[in-house]
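Accompanying notes for the structure given below.
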Amino acid sequence: MINLRKTHPLLKIINHAFIDLPTPSNISAWWNFGSLLGMCLMIQILTGLFLAMHYTSDTMTAFSSVAHICRDVNYGWLLRNLHANGASMFFMCLFLHVGRGIYYGSYLYKETWNIGVILLLTVMATAFVGYVLPWGQMSFWGATVITNLLSAIPYIGSTLAEWIWGGFAVDKATLTRFFAFHFILPFIITALAMVHLLFLHETGSNNPTGINPNADKIPFHPYYTIKDALGLTFLFLVLLLLALFSPDMLGDPDNFSPANPLNTPPHIKPEWYFLFAYAILRSIPNKLGGVLALLASIMILLILPLLHTANQRSMMFRPISQTLFWILTADLITLTWIGGQPVEQPFIIIGQLASMLYLLLILVLMPLAGLLENYMMKPKW
């Protein structure tokens, strides 16, 4: 009898993607994050769906509807804690996934990489509109500050900001449309993730050495299904520890107060996963300049394939590039810390230096290191 998974029109697609897929035999745990991100997305969609059944997107009742979910709905507190901390896990996996791509030169699969950057931007947009929904102080002021950045665009800025708000300030219309965006975007993310996977399977996975792995491939199942299962176990463990023992550790205390347009919080700051970009935005004392730097901090990922000068794909055998990569990692952690600090010295100057270093590393130092390593690896006889 012919195997059904190889002939059935639907099962055939699943088979080619997750069962009989030829996979390099040497991919490390750094290749687990794709499946972890898929699982994060599923958790977020499921918990979000059940939360949406009880949430009301109206300025008068949004805050109390979230309180009602936590107090009166069966396991509502758990759903909310899993959803809020699930977002943090999602971004943790995203950053590690992107970092892996930079370290091992995965960005040379241009289509896969570009779709990945679009995915990153879409997830960031989803998280931003989602953070506004509980209608706490930080939700309201975060929405006000970030949407206000649109007004920095020359000529059409003010009109654009008011169009997004649906009025002259962040209000009921804004909350309603943000809820609509937050509901639809995860399904767009799912579709994009499928396209991401489609492009990846056109070329096959990269591997730590960066050389062509065709000579030594193994089937995805059972080898990598079991490996992914182990990764998922760790993900669930960390998520449950967060959600059950310290659910508010990564949140902002200001968000326990209902939104009040007449009272500005002393320090307006977004969730931890946006702090690096927020620090870059704040480090430029000009509004439009800050917005452009904010965009550049993410969009710079799109030009990484053009900045690749090394003869080798991976950084595995390139110690100078490795050193610069880890300096970049430390720099991003520094920016994340600065983004959460008040706008005063010495934080201002540290933020400006870290922002400069971020752009300098990616645009100048890493391409130069690639050229230097090419020269050093040339035979000298």
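Cβ coordinates are placed from backbone N, Cα and C, and glycine is handled just like the others.
Noted in Swiss-Prot for the protein shown:
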BINDING   H83, H182  heme b b562 binding site
BINDING   H97, H196  heme b b566 binding site
BINDING   H201  ubiquinone binding site
TRANSMEM  33-53  transmembrane segment
TRANSMEM  77-98  transmembrane segment
TRANSMEM  113-133  transmembrane segment
TRANSMEM  178-198  transmembrane segment
TRANSMEM  226-246  transmembrane segment
TRANSMEM  288-308  transmembrane segment
TRANSMEM  320-340  transmembrane segment
TRANSMEM  347-367  transmembrane segment
Checklist entry - What is the nearest of the binding-site residues H97, H196, H201 to H182 (heme b b562 binding site), using the Cα of each? => result H196
Checklist outcome for this item: Counting every protein chain shown, other Cβ atoms within 10 Å of the Cβ of H201 (ubiquinone binding site) number 14
Checklist entry - So what's near the transmembrane segment (178-198) in sequence-distant terms, Cβ-Cβ under 8 Å and 6+ beyond its ends? => result 17, 37-38, 41, 44-45, 48, 52, 55, 57, 112, 115-116, 118-119, 122-123, 125-126, 129-130, 132-133, 143
Checklist entry - Counting every protein chain present, what is the number of Cβ atoms, excluding its own, within 10 Å of the Cβ of H182 (heme b b562 binding site)? => result 22
Checklist outcome for this item: Of the binding-site residues H97, H196, H201, the one whose Cα sits nearest to the Cα of H83 (heme b b562 binding site) is H97
Checklist entry - What does DSSP assign H182 (heme b b562 binding site), in three states? => result helix
Checklist entry - At the Cα level, what's the spacing in Å between the residue listed as 'ubiquinone binding site' and H97 (heme b b566 binding site), rounded? => result 17
Next on the checklist: Let me check one thing: do the transmembrane segment (33-53) and the transmembrane segment (113-133) come into contact, meaning three or more Cβ pairs under 8 Å with sequence separation of at least 6?
Outcome noted: no
Next on the checklist: Cβ under 8 Å, sequence separation of at least 6 from the ends of the transmembrane segment (347-367): give me the contacting residues as numbers and ranges.
Outcome noted: 279-280, 282-284, 293, 296-297, 300, 304, 307-309, 321, 324-325, 327-328, 331-332, 334-335, 338-339, 341
Checklist outcome for this item: Across 113-133, 226-246, 288-308, the most C-beta pairs under 8 Å with the transmembrane segment (77-98) come from 226-246
Checklist entry - So which residues does the transmembrane segment (226-246) touch in its own chain, when a touch means Cβ under 8 Å and the partner is 6 or more beyond its ends? => result 29, 32-33, 35-36, 39-40, 43, 78, 81-82, 85-86, 88-89, 93
